[in-house]
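Participant: Okay, here's the structure, questions in a sec.
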Amino acid sequence: MDISSINPILLLASLIVAATPLLLAAIGELVVEKAGVLNLGVEGMMITGAICGFAIAVNTGSPVLGLAAAAVGGAVLSLLFALLTQYALANQVASGLALTLFGLGLSALLGQGYQGVKPPAFPQVDIPLLADIPVLGPILFTQDPVVYLAFAMTAATWAVLKYTRAGLILRAVGENHDAAHALGYKVVRIRVLAILFGGACAGLGGAYISLIRVPQWTEGMTAGIGWIALALVVFASWKPWRVLLGACLFGGVNVLQLNLQAAGVAIPVEYLAMSPYLITILVLVIMSADRSSAPAALGRSFHASQ
Amino acid sequence: MKLTKLLTTAAIALGLATGAMAESHGGKTKVGFVFVGPVGDGGWTYEHNKGRLAVEAEFGDKVETVFVENVPEGPDAERVMTQMALDGAKLIFTTSFGYMDPTLNVAKKFPKVKFEHATGYKRDTNVSTYSARFYEGRAVQGTIAGHLTKSNIVGYIGSYPIPEVIRGINSAYIHAKKVNPDVQFKIVWAYTWFDPAKEADAAKVLIEQGADVILQHTDSTAPQAAAQAAGNVYTFGQASDMAEYGPMPRVSSIIDNWAPYYIARTKAVMDGTWESVDTWDGIGKGMVGIGEISSAVPADVKAEALALKDAIASGAYAPFTGPLKKQDGSDWLADGETADDGTLAGMNFYVEGIEGTIPN
Amino acid sequence: MLRLEKRPQPSQLWTYLTPLVAVIATMIAGGALFAFLGEDPLVAIRTIFWDPLFSEFAFYYRPQLLVKGAPLVLIAIGLSLGFRAGIWNIGAEGQYIVGALCGAGVGLAFYPIEGWYIFPLMVLAGAVGGMVWAMIPAVLKVRFGTNEILVSLMLVYVAEQLLASMSLGLLKNPQGFGFPGSRNLQQYASAHNAELIAGTGMHWGVVAAFIAVIFSYILLNRHMLGFHIRLTGQAPRAARFAGVVPARLILICLGASGALAGLAGLFEVAGPSGQVSINFNTGYGFTAIIVAFLGRLHPVGILLAGGLMALTYIGGEIAQSNLGLPSAAIQLFQGMLLFFLLAVDVLTNYRIRLKQREVA
């Protein structure tokens, strides 16, 4: 056993890489849920984004175009969910599950012929000056641009939800759609936009895995990360900064356990892998004293005649 | 229910279902393949599917192959096998350990159909088992790894702590140690056969902790990509050649080559000479291939590795040859003694020198 | 402009018509998909929907429909009770796993003693295991007001890790050469959930599914509790006045759905699957949620929906094997079917009206 072989700076830096896809997908889902919609199809949208981004990046040679395509791909898939739940008033839980099934099938079909292909590399960007800060510099400021994008989006989501009129309307729709409707807001339109945003974010998160973190395409490669993103939103009690914290925790548990294993520490891997979920449940219980955090209209359909 | 249907139902129950089976079309021999993953996984299933395609290429119009991918282990596998047998398949390859009991169940119902189960240990008159001595390839890898490492730390990504994987670790370690007494193995269990993101994380962790050679017993190319990003790290392809990552970081590979076996067994069914056997072939019979050793490996190391490969292939050398001790210091093999297949099949201990314990 | 207008009462006609519309729409869209993949769409559709029921080998596939459909129906019936009352258990997959672990654990604890009492004890353990797992979100909801959707979902992941740990540790077959997975309960007569009549697919799980359908039908239509469940879902405030205690209803609904999911897991592990292994769960718990909604939360509807789902699974496998369609295409096709079925339901409760654009 030799814990000293773990370099904490490298550990934290790779923890952030593991956290980024979770963060992207969870921020998107957070906005969706704030609008009162529960979309369980994150996994399906992520994997669709992963292949769309990969295919476009390989064909155009541009990882940036790939990322854009991933966002579009995720959003287009989420549009199906929006049509089902917002216009056809289908149950959100069932529609989300169906979306995941559909997305997994679609991505596998689209991805035929992309196995074993190497995508164009994404440059690592060291932010000048900041990267030279001891300890924090190598952890935070020598990452790829998408990490910075994910941080920026977290901040932006927080600011928009908290300080802008648009954020207020979104929250109003999620809290009480009838009241929002009575005030003259287009509940369905706002929710559709939120769903599209969620789809685009999930798509980006998926492409981060296929273009940067792994980087390669294989069927089913998101391997459950979308589901963890769902857990994360709840863990964070619908607060963007806590999503960031949670992403580091959820992503970090895996990196940490691998580190401990490599250092020769005998750990019960399964029980460690359970811990984030148990912690989430604990957080839910503690949080339930504060009833205000969960959007009140979460998961309920809205129709103007009701 | 009509009487005829009732009778047919009764017939299958009595194990007489072969009478109801479809005759093969136009004299073609139908061969079925049941795959646990997608054929596009780039690893395990991909190589089995290559074996299937080789059967088609070899026999052309005389065979028809069918396959179903992503079949969960358990009742679904049983149904897929039954369906193939009913549809007239004469030979069915079931390519995952978890298909063991389903294969035997179906084989009982179809005594005239031949079954081939990969990596299992239960046989029947119409069920053979086959597996590859991947640990022979690990010996070659270990030799190269022992020479290449400068940090003297070799990282090893294991899937599950099962005999197959433990054998590979021991074999690689013994031969790395032989050429580099200071070598140390860092072993990480991923608890998955295939999860690119997790495998990438595992590889990065090992690299961060000083490993400059990574061996993997999981099937995706994610560790190769992680090593490439890190720079001066060597890797080996697993299951597939993974040549797209050569000459660096991938310096060689263990290739599952099922084609010769699949062709031979299909031919045996066609000729009527098929018998239930337990096949455990290695480099010698070509079931385990050693991928091209790349230019990143010094010529003398390459020559040494190839000599070892030839010695194993000819049977002159066995990778587990004494004197060897177990991790706890107890004697395992005396000088010159080689391990018997029974011990190898159920191997659940590390050899002396490996640090850490096998999780349980 | 098209507008939805709420019907004063759900349309009886459309309740029966919508599934048909959806299936036809899926056939058209799916046919286009298969044509795009270079298959004859008519043949592909026939293979998926017709062959399992009426082809030459239907005598085998029809019983398989029961084997595949039973767990879905059993779980979905339990879920539908809660769903009707607005109580969302989406963690049936976890309850299914824990039921199987508890049931199999009890059975394996008795090994190798034979006795008539073993299987009933396993059934009991399976039901209790699933129920206890479901009681966690129930009690947390009642006591702290925690969201049951999320807690039950989290517990699925916990259960999966537990399953991995058990397959590699406590329940591992001591005679399995170190491979993960328990003893096969099919080879342990007292614990085996065998077919009641050979060749029919009828095992205790299928019987339980049918009983659950009948029981739930009676409960919902003839019993006060059923009335309370429906009332709570439709008008929670009115329910309060009618004397419904929400906490009690939550405990009953979640407990019942957990017990049924646990039973489904036990019957599966003791019967068709036979052993506890890392990949034991294949998503029945999640698919059952879809089945519950496809069946419009009505017991008979769920029975039909479970049958339809099972049909697409089995037909999909035949299409893969016979036509060489990739499993991804089948998955996509199932996704389409679900989308259409979910989308057309709107016609039951709403009618589509052409309306002039209102002057703002």
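Here the Cβ of each residue, glycine as well, is placed from N, Cα and C on the backbone.
Annotations per TrEMBL:
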TRANSMEM  A:6-25  transmembrane segment
TRANSMEM  A:37-58  transmembrane segment
TRANSMEM  A:64-84  transmembrane segment
TRANSMEM  A:96-115  transmembrane segment
TRANSMEM  A:135-161  transmembrane segment
TRANSMEM  A:192-211  transmembrane segment
TRANSMEM  A:217-236  transmembrane segment
TRANSMEM  A:243-265  transmembrane segment
TRANSMEM  A:271-289  transmembrane segment
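Give me the local environment of each listed feature.
Facilitator: Sequence-distant contacts of the transmembrane segment (A:37-58), counting only residues of its own chain at least 6 positions beyond either end whose CB sits under 8 Å from a CB of the stretch, comprise 21, 25, 28-29, 65-74, 77-78, 81, 85-86, 92-93, 95-104, 106-107, 110-111, 114, 117, 119-120, 174, 191, 194-195, 198-199, 202-207, 209-211, 217, 220-222, 224-227, 229-230, 298-299.
Note on the transmembrane segment (A:64-84): residues 39, 41, 44-46, 48-58, 90, 95-96, 99, 102-103, 106, 119-120, 146, 191-192, 195-204, 206-207, 211 of its chain, located 6 or more positions outside it, place their CB under 8 angstroms from a CB of the stretch.
With a cut-off of 8 Å between Cβ atoms, the residues of this chain six or more beyond the transmembrane segment (A:96-115) that come close are 38-48, 50-52, 54-55, 58, 77-78, 80-81, 216-220, 226.
Counting residues 6+ beyond its ends, the transmembrane segment (A:217-236) has Cβ neighbours under 8 Å at 21-22, 25-26, 29-30, 33, 40-47, 50-51, 54-55, 100, 104, 107-108, 111, 114-115, 117, 119, 202, 205-206, 209-210, 242-243, 245-247, 249-250, 276-277, 279-280, 283-284 in the same chain.
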Participant: Short question: which residues 6 or more past the ends of the transmembrane segment (A:243-265) have a Cβ under 8 Å from it?
Facilitator: 1-3, 5-6, 11, 14-16, 18-20, 22-23, 26-27, 30, 151, 154, 228, 231-233, 235-236, 272-273, 275-276, 279
Participant: Do any residues of this chain, six or more beyond the ends of the transmembrane segment (A:192-211), have a C-beta under 8 angstroms from a C-beta of it, and if so which?
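Facilitator: Residues 20-25, 27-29, 31-32, 34-35, 37, 39, 42, 45-54, 57, 63, 66-67, 69-79, 81-82, 85-86, 119, 122, 146, 149-150, 153, 170, 217, 221-222, 225-226, 229.
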Participant: Are there residues at least 6 beyond the ends of the transmembrane segment (A:135-161) whose Cβ is under 8 Å from a Cβ of it, and what are they?
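Facilitator: Distant Cβ neighbours of the transmembrane segment (A:135-161) are 9-10, 12-13, 16-17, 20, 23-24, 27, 30-31, 34, 67, 122-127, 167, 170-171, 201, 204, 208, 212, 239-241, 243-244.
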Participant: Residues sitting near the transmembrane segment (A:271-289): Cβ under 8 Å, six or more positions beyond its termini, same chain?
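Facilitator: For the transmembrane segment (A:271-289), the far contacts come to 228, 231, 234-235, 237, 249-250, 253-254, 257.
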